[in-house]
Amino acid sequence: MDKIMIRNFARSSILIIITLFTLVACGDKQNTTRSEKSVQPQEKFTWKLVTSWPKNFPGLGMAPEKFANYVNAMSNGRLTVKVYGAGELVPGFEVFDAVSQGTVEMGHSGSYYWKGKIPASPIFSAIPFGMTATEFNAWLHYGGGMELWQELYAPFGIKPMPGGNTGAQFGGWFKKEINSVADLQGLKMRIPGLAGEVLKNAGAIPVTLTGGEIFSSLQSGAIDATEWVGPYNDLAFGFYQAADYYYASVWHEPGTGLELLVNQKAFDTLPADLQHIVEIAANAANESTLAEYNARNNAALKTLIEEHNVQLRQFPTEVMQALKHQTDLLIKEQVKADKDFARVWQSYSEFLASMQEYNKLTLQAYYENR
């Protein structure tokens with residue numbers, strides 16, 4: 001009996017040893033497999049980003065460069081974004097179509113250039129007498145603006161994202177002084193978006209030009225005036241060499257949002273972590289660009305006045321009131337003409353009204369007493 005027990009114990013021990021050996025071997029094999037998977041290189045992506053601005057141009061041109069640098073760094077090289085200036089791959093005004101058609105994965109531009117395709121698109125760049133940059137960003141992220149923007153662009157296969165903000169823009173450069181509404185009659189001015197239509201209704205002749213065409217047109221007399229951005233960009237373009245009067249009055253673009261356009265199909269092919277990186281990089285570039293403009297504009301204005309003898313002016317109250325009146329009339333027309341414009345405008349205007357009430361109690365009172 002003892003021999004039988006010993007024999008059974010021996011058999012059981014052998015089976016246990018064999019089982020343990022098998023489990024250890026399988027475990028080692030699984031660990032090896034996991035290790036091999038962990039060292040396998042992850043898929044890499046290279047995207048083209050075309051813009052409506054000259055390559056590396058201060059502010060506007062650097063916003064997409066910032067975005068690309070953020071993406072490249074945060075993705076550890078898994079997603080490389082290559083930036084191309086206006087005309088290098090596609091003309092500046094064809095950025096939207098290039099992204100929509102999938103010719104390139106991304107674009108950087110201003111939404112008011114697409115009002116012929118999407119009448120409500122200018123609301124996502126600038127509205128005359130509309131939101132400041134801070135108010136606009138608040139509306140986008142916490143007031144429903146982002147969702148409306150994405151809905152508008154979805155039929156074109158584009159996912160829009162904020163790509164920078166210039167802050168309040170100056171009224172522009174003029175070859176002659178503007179002393180009354182009469183001085184606007186027949187004035188040929190480069191100005192895009194709804195502001196161009198406002199000026200047209202006030203008697204001027206709006207002209208649409210890309211950034212690279214403005215200086216030569218102003219210098220040659222093809223146009224009588226131009227708006228561009230503000231001192232930081234305007235100094236770089238040398239407009240002081242072609243026009244004597246620089247109007248600081250803010251009316252047409254109080255907080256101009258720039259946009260990043262992403263081809264939706266290209267975005268959907270990215271892993272979730274890279275999608276998040278693209279979105280985070282867009283927000284970072286948006287904030288950084290606004291800070292850059294706020295920091296650089298003042299120094300540039302000082303240079304224009306002290307070194308180039310630029311004559312700074314403000315539009316008379318009569319002119320500002322006329323422009324505001326024409327803006328109100330135009331908005332009413334747009335609301336009646338396009339249901340999407342009406343829907344977006346309702347959200348925008350309600351948020352603006354609430355911000356105005358709050359700002360009267362806070363920032364406006366603070367500025368008056370600082």
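Glycine is no exception: its Cβ is also placed from the backbone N, Cα and C atoms.
The shown structure was predicted, so the numbers you read here are calculated from the model rather than taken from an experiment.
According to TrEMBL, the substrate binding site annotation covers Gln169, Arg190, Glu227, Glu253. According to TrEMBL, the feature Na(+) binding site maps to Trp228.
Sequence features, as recorded in TrEMBL, placed on the structure.
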residue : record                 : CB count, 10 Å
Gln169  : substrate binding site : 24
Arg190  : substrate binding site : 24
Glu227  : substrate binding site : 25
Trp228  : Na(+) binding site     : 22
Glu253  : substrate binding site : 28
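According to DSSP, Trp228 (Na(+) binding site) is assigned to coil rather than to any helix or strand.
It is 8 Å from the Cα atom of Arg190 (substrate binding site) to that of Trp228 (Na(+) binding site). Summarising the substrate site geometry, the residues cited as binding it (Gln169, Arg190, Glu227, Glu253) extend over a maximum Cα to Cα distance of 14 Å. Cβ atoms within 8 Å of the centroid of the Cβ atoms of Gln169, Arg190, Glu227, Glu253 (the substrate site) belong to the same-chain residues Phe170, Gly171, Gly172, Ile191, Pro192, Ala195, Thr226, Trp228, Val229, His252, site residues excluded. When the alpha carbons of Glu253 (substrate binding site) and the residue listed as 'Na(+) binding site' are compared, the span between them is 10 angstrom.
Distance from the CA of Trp228 (Na(+) binding site) to the CA of Gln169 (substrate binding site) is 8 Å.
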